[in-house]
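As recorded in Swiss-Prot:
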type: BINDING; residues: R27, Q28, A29, G30, R31, F46, D77, Y153, T208, H324; note: substrate binding site
type: SITE; residues: D77; note: site 'Transition state stabilizer'
Amino acid sequence: MPQSATKPFIDVLSGQRQAIPPMWMMRQAGRYLPEYREVRAKAGGFLDLCFNPELAAEVTLQPIRRFGFDAAIIFSDILVIPYALGRSVRFEVGEGPRLEPLDDPAKVATLAPRADFGKLAPVFDALKIVRGALDPKTALIGFCGAPWTVATYMVAGHGTPDQAPARMMAYRHPDAFAKIIDVLVDNSIEYLLAQLAAGANALQIFDTWAGVLPPAEFARWSVEPTRRIVEGVRAKVPDAKIIGFPRGAGAQLPGYVEATGVNGVSIDWTAEPAFIRERVQSRVAVQGNLDPLVLITGGAALDRAVDNVLANFAQGRFIFNLGHGIQPETPIAHVEQMLKRVRG
């Protein structure tokens, strides 16, 4: 893993507050950028772009060139692990991902225990290209989906509003569901370690659907698998910097931070600021949490919202980000407005 002492983003995750918070945006390589749309059209399908090292590196670097963010995040997807496990994964235009559902114990019995990491070599090649092209002060983030969130897609075969198929399977067939989680934990550890070896300076674990789980299930299916991943990565890379993003976890965030051992936690725009300052930011770095819709809105509403986020969190260890991914219809001028406001 490259040295990172001069990177403001890594410094915050190491416990050092920065006078001007480092910043990046979830989904910063995306459809709001005309240069991204051009490369995406050239690539063909979404997975074709993910698995073309030169093009994936190019779209990873585009927002860094345009905005000078403090961190790049490799262009990929949380569903590349199911793909490498031999599951059918495809992305339909306007519909999102489609997978072959693992919706009963007999189907789960067919799940391969180990991914074919040769299928993911293009991701590691893209990381190497990006790391070589980045300024030494700019961090490079690798990532994976948390086992719970990846499992929700694997069980249902597609995204659902409340993740009912995965929740029902975890209640009805907990042993079979635990097998899916165990396979994802083991392969996520290996995948994240390979990303560090390829040049990533930090890692983020995206648990987009953590917030749909009741407390006992949140502990079992979100917290514990994430803890095992963090422990597994740190067994090989003790100083690995890891951010967790259990979206919608709310009052369960302090327990998540304590149990998982993450260096930082990403929060969505619904998080209560005083609670986060006292119970979370007092222990780890906080990343977030501008509402992506106010970034679309722009104007005085955006200025007020940015000022509010800074007033809430910038006195502690803080990374400025959105509370979730940037929306495709976001005007570039509003991203520039946000940048100027944060950086003064």
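Just so it is clear, glycine is given a Cβ too, placed from its N, Cα and C backbone atoms.
Sequence features annotated in Swiss-Prot and their locations in the structure.
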{"residue": "R27", "record": "substrate binding site", "CB count, 10 Å": "18"}
{"residue": "A29", "record": "substrate binding site", "CB count, 10 Å": "26"}
{"residue": "R31", "record": "substrate binding site", "CB count, 10 Å": "14"}
{"residue": "D77", "record": "substrate binding site", "CB count, 10 Å": "18"}
{"residue": "T208", "record": "substrate binding site", "CB count, 10 Å": "23"}
Where the record names R27, Q28, A29, G30, R31, F46, D77, Y153, T208, H324 as binding substrate, the maximum Cα to Cα distance in Å:
23
